[in-house]
Amino acid sequence: MSQGKIVQIIGAVVDVEFPRDMIPRVYDALKLDENGLTLEVQQLLGDGVVRTIAMGSSDGLKRGMTVSNTGAPITVPVGKGTLGRIVDVLGTPVDEAGPIDTDKSRAIHQAAPKFDELSSTTELLETGIKVIDLLCPFAKGGKVGLFGGAGVGKTVNMMELINNIAKAHSGLSVFAGVGERTREGNDFYHEMKDSNVLDKVAMVYGQMNEPPGNRLRVALTGLTMAEYFRDEKDENGKGRDVLFFVDNIYRYTLAGTEVSALLGRMPSAVGYQPTLAEEMGCLQERITSTQTGSITSIQAVYVPADDLTDPSPATTFAHLDATVVLSRDIASLGIYPAVDPLDSTSRQLDPMVLGQEHYDVARGVQSTLQKYKELRDIIAILGMDELSDEDKLTVMRARKIQRFLSQPFHVAEVFTGSPGKYVALRDTIAGFKAILNGEYDYLPEQAFYMVGSIEEAVEKAKTLN
């Protein structure tokens, strides 16, 4: 095992000199002899010097300190022992519950599955959230992005999806907290503990206060654990269906930008790293379903300044099967979840996958809302009275649909005081179909706000009169 000496320290970037015949490879993990700090090799500068990123605080480091090459990339514990535990980017437990009970470990840098190992599926994943199930349905083994600016509800939507899917889903889940608030990580842990599903979830945290190296690699640590669960075969030779939650994929990009600047690379558009597309591809191509098992991934994506054309969210779009776009305009109307029904998309929105009835209702809802959007300018200038009877009917139904797309969440019960609702897909389709057909034209639009099924709207209308 070769040893080197630190020759330069600039923030999280540490240069180490090794003997010329024992230079480590890119992505090898180096360990500082004094305090065990891990450094990951990023560049070979020549003359035996390698440039590394510290996976922890570089406070107190000085030139001349001895560093040992481990000869392998960062490896993390995997398997059943990680369930119910919180680990950091290096797989070290941070929940004060003792060492992790597993003898298996895996390197965080792995190749994506080969083309002939991949498997495609059209099976739907019911979430119990009306607007998602109807307009941007999720595929089992697919990739979903929750796009939104600051404070429109990405994390709350993510928590509700975890609540509805992870609890009903008998498989295992991995949650990677990438550069998010420590408080949210704490809330998530207690949410899982209170609902007795902690033994089915592995948690990997690299939060906002961590150095950029940790935030850049923590998503790979979580993914490595999820891949192991997917590929581990049971006695019948089958793998598992795993859920992989990432909050937030933008912070992964941001950490890459910080590391890139520290390494002295020339920035590209808007100051992002020149390797943005490649880094995103390396992560996203590994999140996939094979013939052994599947990974269904749900990723929160922060949109800087609500600009969806920003390079970071724009690069993420290309990899996803469904996009759930959260809108500040809809949130300002008090409609939660603030999903934009006209901007959100899904590859599953196809009559061959969903069936003709679901497809027709979804398209009917979208066309009614689109017509209302076009009429709003006329209403603002001339008022409702100038519209034709047909347009008045469209506006009335669209406003009911808009309110019926809202729903009380289980995870928000503490704040709203109204109990959360899980709405089955067949009830969602039946409710919206009835509104489109005019069966509930006689009900006031307030009756449709923050209810679950259409029957609840009818009951609510009785209390309004």
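The backbone N, Cα and C atoms fix where each Cβ goes, glycine too.
Given the structure is predicted, the values throughout are model-derived calculations rather than measurements.
In Swiss-Prot this protein carries:
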BINDING   G148, G149, A150, G151, V152, G153, K154, T155  ATP binding site
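G153 (ATP binding site) is surrounded by 21 other CB atoms, counting those within 10 A of its CB over all protein chains shown. The 10 Å shell around the Cβ of G151 (ATP binding site) contains 10 further Cβ atoms across the protein chains shown. In terms of local Cβ density within 10 Å, G148 ranks first among the binding-site residues G148, G149.
For the binding-site residues A150, V152, the largest tally of other C-beta atoms within 10 A is found at V152.
In the three-state DSSP assignment, the secondary structure recorded for K154 (ATP binding site) is helix.
Listed in sequence order, the residues Y302, L326 complete the 8 Å Cβ shell around the ATP site centroid, once G148, G149, A150, G151, V152, G153, K154, T155 themselves are left out. Shown are the binding-site residues K154, T155; of these, the residue with the fewest other Cβ atoms within 10 Å is T155.
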